[in-house]
Amino acid sequence: MAKGRTQFVCQNCGTTHSRWVGKCEGCGEWNTVVEEDPMGGIGSGPGKVPKKGRPVALTALSGEIEEAPRIHTGIAELDRATGGGFVRGSAVLIGGDPGIGKSTLLMQAAAALSRHGHRIIYVSGEEAVAQVRLRAQRLQAHQTDVLLAAETNVEDILATIGEGKRPDLVIIDSIQTLWSDTAEAAPGTVTQVRTGVQAMIRFAKQTGAAMVLVGHVTKEGQIAGPRVVEHMVDAVLYFEGDRGHHYRILRTVKNRFGPTDEIGVFEMSDKGLREVSNPSELFLGERNEKAPGAVVFAGMEGTRPVLVEVQALVAPTSLGTPRRAVVGWDSARLSMILAVLEAHCGVRLGQHDVYLNVAGGYRISEPAADLAVASALVSSLAGLALPADCVYFGEVSLSGAIRPVAHTAQRLKEAEKLGFSQALLPAGSAELPKGTGGRWSEIEGLPDLVARIAGSKSALKREDEDV
Ligand code: TYD
Ligand code: MG
């Protein structure tokens, strides 16, 4: 590229274009391409000769391994999601929708760490000192030694956090407000965010301080300039939740120092976030015991079982094309289940609207929920409530067979703990817990499920007639 020539960078995916275009060729988004200085203004001036490289010592793969030194926050759900606490010298990105509670969570973490004698610096680029203090007061965090700065300039922040004793943890809230003198692009652009984050990561690696970066997610579900930041940091956590519900989930999507399938569950109260150590109780809390279309799914989140209610409503449509609406599950997966029900079980849903909801605003990503969803759909269509003390799990294949899933024992144990005495699970499931009081019924295929529910209908009818 010719010296000094600007390039055009998509703010969504980071693709560079040689000229301005309305639609990014990389991600297909409209109006996301912005003119930027190609080198971010760093070292791109004329007359700069690259310095000669210095050889570094090569070592073998074998050798002593040091456990990553971690800083435990004492907030169990947060420590669980990070894989045991923040790692010194690492950078963590915490993303989430604006207003979901990122600043609240980090202020609580900062206060907890500070109480344990750690030196914590909280840099707020979005709120004034007074606002942060107000929140701290609300969280009962104002009597701690957390150090506060309201600053957005990268060089000033580095100078501030580099002064005096090394901080144990630095929180930058948020990366979108960072701007550096060395980058000529406007604040908030990919170049600025990238430059700022790079500088913060360098600080973390050099000093051994843990760095927590807050990033907002745009409505498309991405942090502005996200791709470029996600791969730079050591761990990426997303703080999710539904505005209409109180609980929030901290989900790990990348972690160089720990597992990526763990979640931390919190509940937003008027005094900040409260830990939820038993999520199933929370998700089942508002359960309407016996209603057609309501089924309890025994799911897993990482190493932890989570019971959640799946609700379906199947009703005759008044539209030419029936509606399919899903909240908390994959709509493609719902279409698949509907197709299997039609093809293999003779359940016709072409004239019915189908609504599927996962209670509490929770999101299921496991295919193991297939059986629970199918049961909810058939139950709603038949207008028959299923047993309230039964949990369901199993994956449905295109042939209509129900496949075993992992962690059978853990799912069943959690169900028993919460008072469920029955389960419908795939035939051939390994690791069935022995000697438990529960009634576990194995099922081979979806047609069996439909027959079971239809069978319960005739059973119910007979009971009605008896009365
Ligand atoms: P905040 O942490 O500012 O969100 P983010 O940093 O992700 O943008 O949280 C904002 C919301 O949380 C706001 O709607 C108010 C609510 N909240 C409570 O319900 N209780 C509390 O104790 C606090 C501090 C905030
Ligand atoms: Mg905030």
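Even glycines carry a Cβ here, placed using N, Cα and C.
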Choose the correct range: of 94-98, 254-258, 319-323, 454-458, which one does TrEMBL annotate as motif 'RadA KNRFG motif'? Give that range.
254-258
Averaged over the region 'Lon-protease-like' (353-467), what pLDDT does the predicted model reach?
85
Please give me the CB contact count at 10 A for I100 (ATP binding site), counting all chains in the structure.
20
List, in sequence order, the same-chain residues at least six positions removed whose CB sits under 8 Å from that of G96 (ATP binding site)?
K102, H216, V217, Y238, F239, E240
If you count other Cβ atoms within 10 Å of each one's Cβ, which of the binding-site residues P98, G99, G101 has the most?
G101
In sequence order, which residues at least six apart in the same chain have a CB under 8 Å from the CB of D97 (ATP binding site)?
H216, V217, E240
